[in-house]
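Student: When I checked TrEMBL for this same protein, it listed these features:
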- 65-86: transmembrane segment (TRANSMEM)
- 93-112: transmembrane segment (TRANSMEM)
- 132-153: transmembrane segment (TRANSMEM)
- 173-199: transmembrane segment (TRANSMEM)
- 237-255: transmembrane segment (TRANSMEM)
- 326-394: domain 'Sphingomyelin synthase-like' (DOMAIN)
- 450-469: transmembrane segment (TRANSMEM)
Amino acid sequence: MSLVASNGAVWEYMMLRRRPLPLPGTTVPVVHNSADEEEPRDSASTLKIHGKRQQTPFALRFPTYTSKLSVCVTVSVAGLLYLAFLWCETAQLLKAVTLLPAVVCAVLAIVCPGSQRILPSTIVATTLGAQLPQYIAAALASAALLWFGITTARDAIQIKRFKRTVAPPPTQVVISVLVLAGVMLTENFMIWVVSATFFPGQNPKTEPPPLQDNGQRLFQSLMQGFTKHQVVQLRRVWNVQWGLVSALGASFLVLDRYHPTRQLYAVGTRAIYTLSASRFVRTVSFLLTVVPSQVSGCFAQRFPSPPPTDVWEWIAVGFLPAAHGGCNDLIISGHATVTSTLACVAVSAHPSKVFGGCLVCLLLLDYSVEIYEGFHYSVDMWLGLVIVSLFWKVFSFWEDLPETKPANAPTSDATGFPQPEASLSNRDLAVYFASSTVSYLQVVVFPRSIVNGWIVVFVLSVAVCFVFMLRAKTSAEASTFQYYAQHILLCTLHMAFGVYL
């Protein structure tokens, strides 16, 4: 019986491998199949096979178990809907239905193997953390940044030695950050220019009526039985914005430690250029056509009324952070460009389409409340989502670049990666702790009027780190400044999103 079972197992295995069954006393020549053994490829050919970008190694390394996952998700969703229908009021039923994407993420965090649990667990944790006060949530985010910076600086390179070195040159990373900073500061100034030169909007008596927004009418009719407070409370329960920020950090962790081919700096450069291009299109759009705002009496609440007559004072107002936007509708939505960029990074870092669908559903729910409250026209949110998605595809070439290495770059080991220091010095701990602390204080304590100054300081610090990295004489020294720049960039994102979102 055991012999029959053994022969049956051999037969099944060979049929699956599509190889002929050998006859007794004969031998079968060994044929090397390219699908069975991976031939060594260089850095550029690894990313492209037959003219197509290689996207499968992550999914092959960590299988998704689709059938098991589908059953678990279906049972969980059906059970939650049934319980909500039996015992919940209308408001509680709506909350339960809209939290289904978070519930599916919780199922993914349980069923998915290995590192695939990180991103779904992050979404679930931020949804649960939405019930905490802001200062506690910001403190947890800063602590997570500090932990991520210290742990990755210590041992990330050893974990990803199997990666091939395909990444944009450090100078391109610095240029992308400077481009984003320039676009954001220019947009901030142009918001004041458009608001100050749209004279009918400065007086409540001469304000033009808002345009008809069919999307807002649709959402208001769907939420007719709920008060505005209940709708806004739903948005706080979802906590989509901070969920996306946390998902960005988790995506960096997954890409940096577990993904076999994609490089953290390549993905970051792609995301930065995507956001920069989207914000540039936004700036040009609201400069070309002025659309009346949906908020009555906006100018007196956000800007000096009347505008200053002195030229230098008038210019100085334009450099104050316009975190709440201008006093005319700004096509396209800046809120949509930022959140859509974060969603693109997070979705691309997880192989499961179910997780991507959950994240998109949460994003659309957040947009629906934004439209319901009248902060943006529905066309602004729609265009923000579409344009960012298109730019994300356009800038995919940043992940297809061949390896570039400066002439004076430090030496590395056989894997092609510089080796980090075995332990962190007091200077390392001071840099990581100071960056995380400043970002936390800016989000919670410091006035919002100085956030642009801190952003400029952090960006210049990143540029200085890259200069020292290029001039380093040893691999350990170069690796130290590389992780300085990475941590400061993450703290800059936390600070900017915490203020402007």
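Using the three backbone atoms N, Cα and C, a Cβ is placed for every residue, glycine included.
Where the annotation comes from TrEMBL, it is an automatic prediction and has not been curated.
Source: prediction; values computed, not measured.
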Student: What are the DSSP helix/strand/coil residue counts across the domain 'Sphingomyelin synthase-like' (326-394)?
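Tutor: Tallied per class, the domain 'Sphingomyelin synthase-like' (326-394) gives 52 helix, 1 strand, 16 coil.
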Student: List, by number or range, the same-chain residues at least 6 past the transmembrane segment (132-153) whose CB is under 8 A from its CB atoms?
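Tutor: For the transmembrane segment (132-153), the nonlocal Cβ contacts are 242, 245-246, 249, 252-253, 256-257, 420-421, 424, 428-429, 432-433, 435-437, 439-440, 443-444, 479-480, 483, 486-487, 490-491, 494, 498.
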Student: Tell me whether the transmembrane segment (450-469) sits in contact with the transmembrane segment (173-199), defined here as at least 3 Cβ pairs under 8 Å among residues 6 or more apart in sequence.
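Tutor: Yes, the stretches contact each other.
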Student: Across the domain 'Sphingomyelin synthase-like' (326-394), what does the pLDDT come to on average, as a whole number?
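Tutor: Summing pLDDT over the domain 'Sphingomyelin synthase-like' (326-394) and dividing by its length gives 90.
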Student: List, by number or range, the same-chain residues at least 6 past the transmembrane segment (237-255) whose CB is under 8 A from its CB atoms?
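Tutor: Long-range Cβ neighbours of the transmembrane segment (237-255): 95, 98-99, 102, 115, 118-119, 122-123, 125-127, 129-130, 137, 141, 144-145, 148, 152, 262-264, 267-268, 339, 342-343, 345-346, 348-350, 359, 362-363, 365-366, 490, 493-494, 497, 501.
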